[in-house]
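Undergrad: One structure, as structure tokens, below. Some questions next.
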Amino acid sequence: IEGRPGNPVHRYAVHRDVLDELGLEEVAQKGTWSIKPTVGEKLKESLRCSVPSLKHILLTWIPILSWLPKYSFRENILGDVVSGCSVGIMHLPQGMAYALLASLRPVYGLYTSLFPVLVYVVFGTSRHVSIGTFAVISIMVGSVTERLAPDEAFYFNGTNGSLTVNIDARDAYRVQMACSVTLLSGIFQILLGVVRFGFVATYLSEPLVRGYTTGAACHVCVSQLKYLFGVKPARFTGPFSLIYTIVDICRLLPQTRVPELVVSLVALAVLIVVKEINACYSKKLPLPVPIELIVVIGATIIIHFCGVREDYLIDVVGEIPSGLKAPRTPDVTFFSQLIGDAIAVAIVSYAITISLGKTFALKYGYKVDSNQELIAVGLSNTIGSFFQCYAVTASLSRSLVQESTGGNTQIAGVVSSLLMLIMVIRIGSLFEDLPKAVLSTIVFVNLKGMFRQFMDVPLLWKTNKVDLLVWLVTFISTVLFNLDLGLALSVGFSMLTFIFKTQLPHYSILGNVPSTDLYLDTEAFKQVKEIPGIKIFRSSATICFTNAELYLEALQQRSGLDVRKLQMEKKKRAKQEKMAKKEVKKSLNKEKNLSMHKDVAIFLTNTSSNGFGHVNSAYQYDATTSEIDSGCHGENNLTPISYEHEKDGRTCMSVTHSIILDISTTGFVDTVTVKMLKNIFGDFADVDVDIYLAGCQACVVEQLEKAAFFESIPKTRLFVTVHDAVLHILRKLGQTDIILDASCDTQM
């Protein structure tokens, strides 16, 4: 069928009866059976022991058993090996650099890049994420270690009487703190995963996560300035500590150590230039140039063989013990001091991992189990804490390298772990002369992706200002109030925005699109027409206890019917009618007595005048005139609810006799909603306005039945669609043709 040029119109026609809820149940043959198993059946099924159920449990909880037997060496092994080597090369410099963020020795970053990765290979469900050290989590762990193990707690008198920090004791204590908070956060993640609480990450919206990571990047950046300039600022804790640190570093700038600044600037320039080349020629290069590893090796060789360390006293990494340490149980006595920090680390590390995992899963068409990811990250943290590793999460930069270099499975993680094992056992000690300034530049360069998230601000300004507000509040609270308190404030603010959205939905009066069964907002579309006498009201949000009162107020405001006022007016009219009836009755009695006196007088007059009983017509009582004069207009004289609306030079009168509540957007009802709907039916019935429901979902109907809603309200007031309700009302009034030509709109 032809329509607009280049845009053909397809038409359809449906012939069916107008269906209310009772008619729908009959046509669709609604049953009382339930296809959902009961709680007892679920429990019985979970406790049943069989080979298929045992196999399902093993494959669910240990995903490697499901994909490793199907692994295709011919298709995947080359890409996984190349990808694993590339990621392993990145693990070395990033592991050592991020360990400094956690206020630990670089070797613990190497441990963290080894053991947790192997655990995730076994229990993880994402094929492309690279688990290990990450700047945000490292700085969160570092805030814990520096708060609970500050330098001031390890001062002792030196040989010349000056106070000196016992670095060995301090570092050992900080390792205990880091392992304890990692173990506790891992336990939280495992428990949440077991009770299927993986959906908790959905409450961390993307603007919140991006704003938080951007704020954390500012903390990371400031924490590395001391290595860049070779100064030692005072340590600040609590709110505004970032501001105080920046002020203190600016105060110490005259004391900048020039050799370390030169090393930092040279390394920074080389890293930026080569990384930009990698980005520009990423499609032409088979592998990105491992510039971080090259800079680390080059700086170590120069410092070691040129004697720069002794001549200029450049701060270097120091001792890196070769080999692996025996596992040790973290100190659980610190748990009471670490609960808040552990929860923050657990939530952030999982949120980053699942967001990256779902991004790659969507791109390559496989499924990531959010609950299993929570368990996998939790086990990586828990098991890693016994091997002196700190908290891990997925790294964006390493994950992108793993994906872009041909990684198809977590076999790439195994290859990178083997490479890290070789480095820890044999090669690690060769990097003892690596300057810390070089590691800080590696951290700086890898923050580029996080700082690019500032571009979210103009984008969100154009698309969604509420999300922009969440982003800004999260960023500002994270920068000003530190990572733990900032996360709590941002989550609380995000929840408030959600509450306000449910509290302030869009309410609208719907009108009919001529010659269709469509009903749209009269304020948004010019051609829609209200059905005279019928108000169709809709809310854009679910009706619940938080907005039930607002829904009722909006209904009265939009429909133009103030129920309380109309009820008072009706009572006032009834009272006036009662008084009028009494006056009429009293007047009739008075007139009756007066008529009797007149009759007697006429009789006497006639008798005296002519002696006969003839009536004089001049004195005859006109009952009709008397009744009109008395002011009686009958009993049914209520004033109708009407509105005058002048349109196209014509004035028409339309009486609001019916209201249709479109509740198709409501996904559930609570007791407050049920009570409110009952009150609406009752209150509007008092002012002679019929209420109908339309578009009610099956689950909502079931909840209304359980709440005994239909004991007082018949199901014949509930219709499948708004159009069904409109046709029912018009047929009831004998005006079925009005919907085809609504010549007059009711005024709001």
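For all residues, glycine too, the Cβ spot is worked out from N, Cα and C.
Straight out of TrEMBL:
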DOMAIN    524-729  domain 'STAS'
TRANSMEM  98-123  transmembrane segment
TRANSMEM  183-204  transmembrane segment
TRANSMEM  261-281  transmembrane segment
TRANSMEM  293-314  transmembrane segment
TRANSMEM  334-353  transmembrane segment
TRANSMEM  374-396  transmembrane segment
TRANSMEM  408-425  transmembrane segment
TRANSMEM  475-500  transmembrane segment
Undergrad: For the transmembrane segment (98-123), which partner among 261-281, 293-314, 334-353, 374-396 gives the most CB pairs under 8 Å?
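TA: Counting Cβ pairs under 8 Å, the winner is 374-396.
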Undergrad: Okay, the transmembrane segment (261-281) and the transmembrane segment (374-396): do they have at least three CB pairs under 8 Å, pairs separated by 6 or more?
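TA: Counting Cβ pairs under 8 Å, fewer than 3, so no.
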Undergrad: What residues elsewhere in the chain lie close to the transmembrane segment (293-314), defined as a C-beta under 8 angstroms and at least 6 residues from its ends?
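TA: Same-chain contacts beyond the flanks: 89-90, 92-93, 96, 257, 259-260, 263, 267, 270-271, 430-431, 433-435, 437-439, 441-442.
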Undergrad: Decide whether the stretches the transmembrane segment (183-204) and the transmembrane segment (408-425) have at least 3 CB pairs under 8 angstroms, with pairs required to be 6 or more apart in sequence.
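TA: Touching, no - the transmembrane segment (183-204) and the transmembrane segment (408-425) miss the threshold of 3 or more Cβ pairs under 8 Å.
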Undergrad: For the domain 'STAS' (524-729), what's the mean pLDDT in this predicted model?
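TA: PLDDT averaged over the stretch: 74.
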